[in-house]
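Annotation source TrEMBL lists disulfide bond at Cys75-Cys86, Cys80-Cys96, Cys98-Cys133, Cys104-Cys126, Cys115-Cys152, Cys158-Cys268, Cys276-Cys292. Taken from TrEMBL, the feature domain 'Kazal-like' covers 97-154. For 1-17, the entry in TrEMBL reads signal peptide.
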Amino acid sequence: MRVWIVFLLCLAGHAMAAPTEEEPVVEELVTEEPVVEEPVDEEPEVGANPVQVEVGEFDEAIDLVEEDVAAENPCLNFNCKKGKVCEVDDSNTPLCVCQDPSTCPAAEAEFEHVCGTDNKTYDSSCHFFATKCALEGTKKGHKLHLDYIGPCKYIEPCQDSELSEFPLRMRDWLKNVLVTLYERDEDNNLLTEKQKLRVKKIYENEKRLQAGEHSLDLLAHDFQKNYNMYIFPVHWQFGQLDQHPDDGYLTHSELAPLRAPLIPMEHCTTRFFEACDADSDKYIALEEWAACFGVKEQDVDKDLIV
């Protein structure tokens, strides 16, 4: 569980600082459960959204162009989508063009590989997004998304019984991630003051189930017994993901930072999020998200997404 909390932590700070421009396409979350080696060589820096990988790494929509020493360079601080780079035209006006995949840095380790929804392994997220950019405007490009982190592999089918177990672990991860963020937020840059006040109530509650290895029966019992502790964590994660744009709906792209790292470790991830889209309109509304995690309709509150 410790591995997951650290992994989730890696997401919060970066997600809060992520730009809120046009929708991204990251297909790229937290607390403990599946103990699988992180796709990182060293412990990630505290300050990134818990249930997802660093947003900047997989945010297809927005990617700050590397600073150029030449202050007069029009491309300096010019934003382009992931998969595109800035160039200047004859009038010295900056514009975004698709990056040539061959210009992407070569992957140094297997964890840098990513798997696309075309079941093809790409050398890195840079190679994937550059390839996707070149396919813009085509049917193939429209359907191509980053599926998960790591090389493509066989993902075991999710059985009905397993699907019902997934939210039990997920809710526990989210709650523990928030508690950990609260404990480490000395500089007030991981949680807002309103968020800290809500998490403080959970943190100080003597009935709180401590982070650790727990049976599914215990997790289910704790959810029934301490139901109110889980309401805010579920809302909080929705708010962390709903940023491109912040419109009350989660797209495939916005879910990516949470899905991509989870799929190789939790084979029910894809089926779970597909089931969350109850009306099959390709968007997950807050009400649908809450229902997926067992939050009652009367407890869904947009004001909790601060």
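Using N, Cα and C of the backbone, Cβ positions are placed for all residues, glycine too.
What TrEMBL annotates, mapped onto the structure for a quick look.
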residue : record         : Cβ neighbours (10 Å)
Cys75   : disulfide bond : 18
Cys80   : disulfide bond : 22
Cys86   : disulfide bond : 21
Cys98   : disulfide bond : 18
Cys104  : disulfide bond : 19
Cys133  : disulfide bond : 22
Cys152  : disulfide bond : 17
Cys268  : disulfide bond : 24
Cys276  : disulfide bond : 18
Cys292  : disulfide bond : 19
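Cα of Cys86 (disulfide bond) to Cα of Cys268 (disulfide bond): a distance of 39 Å. All chains included, 23 other C-beta atoms sit within 10 angstroms of the C-beta of Cys115 (disulfide bond). For Cys115 (disulfide bond), the nearest of the disulfide-bonded residues Cys75, Cys104, Cys126, Cys158, Cys292 in terms of C-alpha separation is Cys126. All protein chains included, Cys126 (disulfide bond) registers 22 other Cβ atoms within 10 Å of its own Cβ. Non-local neighbourhood of Cys158 (disulfide bond): His267, Cys268, Thr270, Arg271, Phe272, each in the same chain, at least six residues away, with C-beta under 8 Å from its C-beta. In this model, the domain 'Kazal-like' (97-154) carries an average pLDDT of 94. Neighbour density for Cys96 (disulfide bond): within 10 A of its CB lie 18 other CB atoms from the protein chains shown.
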